[in-house]
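Structure first, commentary second.
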Amino acid sequence: MTFADFSEKKFPIKIQTMKHPEEKFLTQAERQRIEERIAAAEKRTSGEIVVKVVAESYHYPLEAMQGSLLLAIMVGIAVALLISEETMWLFFTFFGFSFFSAPHTESMWFFLAIFSVSFMVFHELLKRVSFLKRIFVRKANMREEVEEGATYSFFRRNIHHTVNRTGILIYISLFEHRVRVVADQGINEKVTQSDWDEVVTIIINGIKTGKQADAIATAVDRCANILAAHFPITTGDRNELSNKVILGRNG
């Protein structure tokens, strides 16, 4: 298995804000072109190639909650300070620091109102705007979720059930900005890690330049070349897995 992080700086920002980014990442015509390339590639090898694109490998509810809480507290304090410095004590009493308390009941309710509204607004915003939610998600968590999502997809799609254990999954997770290649046991016994690193790099470079469809098609060709060297087409070979590009909300 191999995976890599693709550049956040050059990732199309519109993909991060739309409702179904996995459907916009590749147009129907582009998906068809990739599927045709997969079919052509599998005429040269007994290996099976599957491409899957997901909006995210996990929805990260805890991170969205934590981010909303932090932002709501900041807004509550800022608004309270703009109105009156006396309301600053509310932040401390709200979180248990009673030695800062003062008998300003009206101000307390005002702070709670601002905090509650801000929390709900930010929570919805973080759920809908992916690049904002990413600020609150640790890279280690994203890497872990992509690994789990790719592995789950590999087995759920029965890629491990090919006759000679020669299935490959190219897994692209948009929210996490990560690409992962998962190969079955029969392939990993003969193919080096550097070969899969090259496949991932091809896709990453294509995404950076906004030519993800061309890059994925080229990566499919590269996978076919790798497989053909070790698993050439044989008499009676059949297509064991669908060539359709798989789209999903999560892994």
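Positions of Cβ are set from backbone N, Cα and C atoms, glycine also.
Note on the domain 'TPM' (147-224): mean pLDDT across this stretch is 93. Sequence annotations record features per position, and here TrEMBL assigns domain 'TPM' to 147-224.
If you look up TrEMBL, you'll see 69-95 (among others) marked as transmembrane segment.
Among the features that TrEMBL reports, transmembrane segment is placed at 107-126 (among others).
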Query raised in the report: Within the domain 'TPM' (147-224), how many residues are helix, strand or coil going by DSSP?
Result: 46 helix, 13 strand, 19 coil
